[in-house]
Amino acid sequence: MKASIERAKILIESLPYIQQFRHKTVVIKYGGHAMVDENLQRQFALDVILLNHIGVNVVIVHGGGPQINRLLDRLEITPSYVQGMRVTDGETMNVVEMVLVGRVNKDIVGLINHSGGKAVGLSGRDGDLVCARKLQISVGADADALAEAPPEIIDLGRVGEVTKINAEVLTTLKREDFIPVIAPVGVGEDGQALNINADLVAGAIAGALQAEKLILLTDVEGVKDKGGALLRTLRAQDLDLLIGDGTIAGGMIPKVNCCRDALRQGVHKTYIVDGRLEHAILLEMFTHEGVGTEIY
Ligand SMILES: Nc1ncnc2c1ncn2[C@@H]1O[C@H](COP(=O)(O)OP(=O)(O)O)[C@@H](O)[C@H]1O
Ligand SMILES: CC(=O)N[C@@H](CCC(=O)OP(=O)(O)O)C(=O)O
């Protein structure tokens, strides 16, 4: 009986959070590195279903970088990245779309539905949900180079940046209480597929939906300082300094930038959380201490 009363108390402790998040939109980015094993994937699906059942509008955007690399490896294609973005030629684009839309997306949808939820899989090409243009990045001259050397424009191939989110398809799904699961492949101006970093898609969708929260699940406890200590909070205006001095690097750069953009677009709160933690989403949303790093 004592244990049952304790369980009831825990449920009651969640009440303020349930009241706070009911009817609010929460966008969760499920990174490829966070899809560690079947047990964790099941816990992720259960967290999402619970949120949906208590009236939270959950939208999932997933990645799948490591999963793409496994197939590229079998095809003997060597992946390459510039500033955390995959260089994507035509053949690589086919693999990206096959893996993200055909495999990873369907696995997540299958898991949620098999566990009692109602998920629908989409890519950014469905209903022109994620419109994009070709991304061109410039790599500045480094500190040792001549000051007048112009920055080099790098062509990443079929890599996109989001230009517009057509959210009608998401509002239609929401009316029937479906959980959208979105693969980060966008539609270019020529109607062709563009490969977009999943963090950037999640941020843009959170902005378009004016989400209450954007939660990025990854494979570290959160953003760390130079000494490797977890930063529980981080001001958006301090990000450039930390990127400039190399404290924030690699795949963490698009993550923090997408949190900053999302905040600018009106998203209320943004978090970078360790997806390797069981029930990471519930811990972040339903505990006073929270987990991971909040960027505000
Ligand atoms: N300051 C930092 N704090 C934490 N992680 C960092 C930092 N700078 C760079 N990283 C790296 O960013 C990685 C997360 O990015 P990425 O591997 O692209 O994740 P995902 O696959 O989840 O999108 C971490 O595993 C870590 O190696
Ligand atoms: C342009 C670009 O880099 N696209 C990413 C899309 C998948 C992704 O972002 O997956 P994670 O979140 O698991 O890293 C890629 O091709 O890997």
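Yeah, the Cβs are placed from backbone N, Cα and C, and that goes for glycine too.
Caution: TrEMBL annotation is automatic and unverified by curators.
From a predicted model like this one, the values you see are computed outputs, not experimental measurements.
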May I ask you to find which of Asn195, Asn257 TrEMBL records for the substrate site already listed with Gly64, Gly65, Arg86? Asn195
When neighbour density is defined as the number of other C-beta atoms within 10 angstroms of a residue's C-beta, which of the recorded positions Lys29, Arg86, Lys255 has the lowest density? Arg86
Reported mean pLDDT - the domain 'Aspartate/glutamate/uridylate kinase' (24-274): 94
Reduced DSSP state (H/G/I helix, E/B strand, rest coil) at Gly64 (substrate binding site) is coil
Spatial neighbours of Gly65 (substrate binding site) that are distant in sequence (at least 6 apart) but have CB under 8 A: Gly31, Gly32, His33, Arg86, Ala198
Beyond the listed site residues Gly64, Gly65, Arg86, Asn195, identify every same-chain residue whose Cβ lies within 8 Å of the center of their Cβ atoms for the substrate site. Gly32, Gly63, Ile68, Thr88, Val96, Leu100, Pro184, Asn197, Ala198
Cβ under 6 Å from an atom of ligand 1: which of these recorded positions qualify? The list is Lys29, Gly64, Gly65, Arg86, Asn195. Gly65
